[in-house]
Amino acid sequence: MNIHFKGTGVAVTTPFNGQTIDYNLFEDHLNFLINNNVEALIINGTTGEGSTLTEDEKLKTIEIAVRVAHGRVPVIAGTGTNNTQATIEHSLKAKALGVDSIMLITPYYNKTNQRGLLAHFTTIADAVELPVLLYNVPARTNMTIEQETVAALAEHPYIYGIKDATGDINYMKTLKSVVPDDFALYSGNDDAVLPFYEAGGDGVISVIANAIPAEFSDIYRTYQVNRHEAERQFNNLLPLINALSVDVNPIPIKALVAYIGYANGELRLPLVPMLEQDTKQLIELYNRIAKGSDLS
């Protein structure tokens with residue numbers, strides 16, 4: 001399995017039914033995504049509400065995703081926490097279930113320094129011996145992996161890439177200049193994919209692709225042969241992408257995924273549903289795209 005995918009991976013939502021996960025809907029959604037040409041599944045991350053899943057629930061979603069993917073696309077599980085040893089223990093359980101890669105967020109709350117980040121990620125990679133995707137999302141963790149630290153981590157045989165959700169293209173450009181050519185660089189921001197691709201990025205770990213996987217994943221493939229057409233495709237989807245910013249992720253995308261039938265619209269506290277008027281506007285934009293209207 002080549003875990004260094006090119007194109008669109010999906011940060012998959014987790015459907016709830018009361019106090020439990022609706023595993024049938026989860027499986028249906030995974031098949032929908034794979035059948036609509038996404039290149040990777042990323043589960044139990046921010047968009048999957050991984051921070052409010054129990055360990056048993058996380059392991060069950062991993063088990064299902066590995067079975068459903070069946071080698072068609074890589075499955076990457078968010079296993080990172082701010083507890084190094086707990087992350088190792090959970091990651092080893094994920095490895096035993098056959099996950100292709102783990103995604104490790106920077107430690108949060110017990111904020112460390114760059115030397116601490118280097119030790120944290122290296123210790124986990126050494127212990128788990130599974131491909132590691134770093135996750136840089138300072139807006140949520142108040143911790144940035146500096147480019148020099150990423151470059152040092154890139155020398156580790158199991159650390160193969162990073163999901164960067166800063167939205168800062170200059171950060172990515174500098175990073176590109178200090179890491180090996182085969183180090184994977186993924187955007188965590190749907191609204192920044194074109195400049196990210198122009199700067200040499202390998203793909204995106206997308207939120208909007210939960211609802212429009214075929215349309216959004218086609219942008220990367222089109223970009224390889226016709227940049228102007230890719231820009232047109234992107235601009236047509238941009239109003240819907242921007243509409244997801246009306247509330248905190250994953251609140252808006254879960255409303256949209258519920259509308260297309262792969263969730264029940266439920267969130268786990270402290271997340272609460274969107275305002276009705278915002279949901280209505282989001283669905284109207286989606287329906288216009290579904291009907292082939294040009295929103296650009």
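Please read every residue number as a count from 1 along the shown chain.
Including glycine, each Cβ sits where the backbone N, Cα and C put it.
As annotated by Swiss-Prot, active site, proton donor/acceptor applies to Tyr135, with the evidence given as sequence analysis. Per Swiss-Prot, the feature active site, schiff-base intermediate with substrate maps to Lys163. Residues or ranges marked as pyruvate binding site by Swiss-Prot: Thr47, Ile205. Per Swiss-Prot, the feature site 'Part of a proton relay during catalysis' maps to Thr46, Tyr109.
Other Cβ atoms within 10 Å of the Cβ of Thr47 (pyruvate binding site) number 24 in total over all chains. Per Cα geometry, Tyr135 is the residue among the recorded positions Thr46, Tyr109, Tyr135, Ile205 nearest to the residue listed as 'active site, schiff-base intermediate with substrate'. Between the CA atoms of Tyr109 (site 'Part of a proton relay during catalysis') and the residue listed as 'active site, proton donor/acceptor' there is a gap of 16 Å. For the recorded positions given as Tyr109, Tyr135, the lowest number of other CB atoms within 10 Å of the residue's CB is seen at Tyr109.
In the three-state DSSP reading, Tyr109 (site 'Part of a proton relay during catalysis') counts as coil.
Geometry remark: Ile205 (pyruvate binding site) versus the residue listed as 'active site, proton donor/acceptor', CA distance 11 Å. Straight-line distance linking the Cα atoms of Thr47 (pyruvate binding site) and the residue listed as 'active site, proton donor/acceptor', rounded to a whole number, equals 13 Å. Counting only same-chain residues six or more apart in sequence, the Cβ atoms lying under 8 angstroms from the Cβ of Thr46 (site 'Part of a proton relay during catalysis') belong to Ala11, Gly78, Val137, Arg140, Asn249, Pro250. A simple way to gauge crowding: the CB of Ile205 (pyruvate binding site) has 27 other CB atoms within 10 angstroms, across all the protein chains here.
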